[in-house]
């Protein structure tokens, strides 16, 4: 049996130069694995709480307390447990913390242990991680939702929409989808240069030009798709992460310099659908605006994927409430929002059972850890969001998916346009 023998932890840096937690787990059979925990820039108020040190060190963002929690309390509690019983291990972590938001021991310390245990168990079983988590039928490669133009909290510009993504829905394989996305990314750089706009990069590797409006950004990306030799909406589609929490205050959305209601924002998004091949819109409204979300879903949810991130925070309880209220039709999956692998898998299972799509996601503060690539294939999400095809912490996930596709061989299937059943390309 793969019994947990040792648990270690350390403070490392993420892609934004901020500290994060790395956990190492050793099993009695000699197996060893490590996992690093990501961190977000725009976070939902209902997420699992990160344990940070405060004070002057690292501007208060140190994680020595979280590391100590692993070494002094969490590690001793899981040593002796069977690593291949993930639910048992994760329940022990949740019970040990004893709070609904993991604020006592920290979601970052708990998640690090949860993921490291899963990795160690897969190594002990001599199985690839995607196969260990997903079982013998895991074979779907996700559409890479590439954030090639950054705004909002990911860039120091006046663009309110946080992420403008390209989705290579027409590609025949993941490897070709990655190539298509990379070629559009490089074409966008040339388009921006020609327009006299900045080609500086945001947190997630996308360009961060200070463009005048959402439609101006979409026009630039559409030009880049065509310049790369592809057809917008047929080969490569568009997707948005509005991250509306960032421009909502006091019941109003201040968007592109104008105060707007939820109904007016819905009208704006509906207008985009009539003009651009948008397959997915994430967090179009404020996380606690349940009524606005329900109305928006009823209005445009039959034409586009509406993804709940901050509104659901990968939490099965909030997702269940959203399903009951008719809110969104897809779930964004971030392992550090809920804090354990088991709870993440439970949220995905609930979404799929309820007819919701899922999109596995990175955070803006990432590491070289590639577990979300394996997770996307394991659960058959058909979609992954892990930044631009640039910056090694983003590319690491794409490269892992290339390895998985190669390992699967003829059994590999690329999700492509089947991942977005609500979208119909303009026949023109």
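Using N, Cα and C of the backbone, Cβ positions are placed for all residues, glycine too.
Residues or ranges marked as (2R)-2-phosphoglycerate binding site by Swiss-Prot on the basis of sequence analysis: 162, 334, 363, 364, 385.
The active site, proton donor feature in Swiss-Prot is assigned to 204; the stated evidence is sequence analysis. Under the DSSP three-state reduction, residue 204 (active site, proton donor) is assigned to coil, being neither helix nor strand.
If you look up Swiss-Prot, you'll see 241, 282, 309 marked as Mg(2+) binding site, on the strength of sequence analysis.
Positions annotated as active site, proton acceptor by Swiss-Prot, on the basis of sequence analysis: 334. Within its own chain, residue 334 ((2R)-2-phosphoglycerate binding site) has 38, 40, 309, 313, 314, 361, 362, 363 as residues 6 or more apart in sequence whose C-beta sits under 8 angstroms from its own.
The Cβ neighbour count for residue 363 ((2R)-2-phosphoglycerate binding site), using a 10 Å radius and every protein chain shown, is 26. The subset of binding-site residues (241, 282, 364) lying with their Cα within 10 Å of the Cα of residue 204 (active site, proton donor) consists of 364, given in sequence order. Max Cα-Cα distance over the annotated (2R)-2-phosphoglycerate binders (162, 334, 363, 364, 385) is 17 Å. When secondary structure is read from DSSP and collapsed to three states, residue 334 ((2R)-2-phosphoglycerate binding site) falls in the coil class. For the pair residue 241 (Mg(2+) binding site) and residue 385 ((2R)-2-phosphoglycerate binding site), the C-alpha distance works out to 10 angstrom. Around residue 282 (Mg(2+) binding site), the same-chain residues six or more apart in sequence whose CB sits under 8 Å from its CB are 163, 239, 240, 241, 242, 243, 306, 307, 308, 309, 332, 359, listed in sequence order.
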